[in-house]
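Please read the structure below before turning to the comments.
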Amino acid sequence: MDGNAKGGGHSEALKNYNLGRTLGIGSFGKVKIAEHKLTGHRVAIKILNRRQMRNMEMEEKAKREIKILRLFIHPHIIRLYEVIYTPTDIYVVMEYCKFGELFDYIVEKGRLQEDEARRIFQQIISGVEYCHRNMVVHRDLKPENLLLDSKYNVKLADFGLSNVMHDGHFLKTSCGSPNYAAPEVISGKLYAGPEVDVWSCGVILYALLCGTLPFDDENIPNLFKKIKGGIYTLPSHLSALARDLIPRMLVVDPMKRITIREIREHQWFQIRLPRYLAVPPPDTAQQAKMIDEDTLQDVVNLGYGKDHVCESLRNRLQNEATVAYYLLLDNRFRATSGYLGADYQESLERNFNRFASSESASSNTRHYLPGSSDPHASGLRPHYPVERKWALGLQSRAQPREIMIEVLKALQDLNVSWKKNGQYNMKCRWSVGTQATDMLDVNNSFVDDSIIMDNGDVNGRLPAVIKFEIQLYKTRDEKYLLDMQRVTGPQLLFLDFCADFLTKLRVL
């Protein structure tokens, strides 16, 4: 390591680190290894040039990754320690992964033994599930974005293409690597999000077990054809359980694709499942409350005030004390158990119980988040919330085809014009006081997009118009959910229409 953060004008911004060699160079920055002076632990620092990012229109990508990683605390998601901003650069201080990309590991070793592939896959699914629980879909899962630490444990990285999911909102951006992208993504269709990551995980599992990709072709149109058709072969060396799981993940129809929950319950996945992966992690709010007493004392020994450290941790502040705390915490459990898993979780709870108890007896300062329940009353057991639903809408146990038939009947009765984007997705328009047949061909498709106004001006030449989208998708409890989202037009008018539409669908 360099004695100081020398070169390139980084010395003042990175005064707490000794910069080392360059790990990688990108189009708008580089990644360097560094040593945190206070703790002696290694980190990776992304150095992003602001001007180059602006020129390449990549600022949003960087902001998105920082926003997501600030939120996440998970053993199989790369840890963000701090972000340092200067007028010319952004320095993102992250967890250092000694053995680099999973991609290079697969290239070096070829296909993995099933037990090793399963261990890696279990960790990937754990990280992906955590993302989905926090309403984030990665959208670019591939071995190049999965890093290996010093114990060959997986860390999800590169959240630059990720989207934060909102209830009732479907993602439309086609992104990610074609070989790992789901059919609905490369087709440009709307998609809810979670099922896209499931497909990518299926491709990764295939690569782990086979050493090759299920969908590969130098000719991009041919590659897309294979992906859209789900055309691939399973090698004969795969076990029966693996041969059952992979095809269930690589289902072309996203509504029929296996879910993360079902993957976790699959017999192949359950074999030698580590204890810490058998239960969901606490949510991010609960994690912020947990303070490890031993690590806290280590930080206090470095010269920081106890109350200052606790206040910073519970409010998720970034400063020298919290950076030191998380570096010490991560390295303590990595060194003792090899996982930041059950031992990590149980130790945090145990130490926080002990810490909270002693503090309440000796001080009026309580080291847990304002508004949270008293730790003595709650026992400090982590609260595992019921999984949030991706959208609110009309749920039904009827078959998808039956649902769509009833939807089309209702739309026709209400004089709605529509255009199908896919088997379970359509764009719709509804005009007040105008017969929809005036604007439709015999297939209820739009004749001329330009003749419909979008501003809902009832005093204008044309009547008010509502544009909306309808999507049907599968929920985790084996139901189907019909979601409607307004695109343009008066909100109250749209609500009136929804009421009439739901009345028409009473048969469901």
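Any Cβ shown, glycine's included, is placed from N, Cα and C.
The domain 'Protein kinase' annotation in Swiss-Prot covers 17-269.
The DSSP secondary structure for Gly29 (ATP binding site) is strand. For Gly29 (ATP binding site), other Cβ atoms within 10 Å of its Cβ number 22. As annotated by Swiss-Prot, ATP binding site applies to Leu23, Gly24, Ile25, Gly26, Ser27, Phe28, Gly29, Lys30, Val31, Lys46, with the evidence given as sequence analysis.
According to Swiss-Prot, the feature active site, proton acceptor maps to Asp140. When Cβ atoms from all protein chains are considered, those within 10 Å of Asp140 (active site, proton acceptor) total 20, not counting its own.
Under the heading domain 'UBA', Swiss-Prot lists 290-330, citing sequence analysis as support.
The domain 'KA1' annotation in Swiss-Prot covers 459-507 and is backed by sequence analysis.
Within the model, the domain 'UBA' (290-330) carries an average pLDDT of 92. Distance between Cα atoms for Leu23 (ATP binding site) and Asp140 (active site, proton acceptor): 21 Å, as a whole number. Sorting each residue of the domain 'UBA' (290-330) by its DSSP state yields 29 helix, 0 strand, 12 coil.
The two recorded residues, Ser27 (ATP binding site) and Asp140 (active site, proton acceptor), show a Cα separation of 18 Å. Residue environment of Leu23 (ATP binding site) contains 15 other Cβ atoms, counted within 10 Å of its Cβ in all protein chains.
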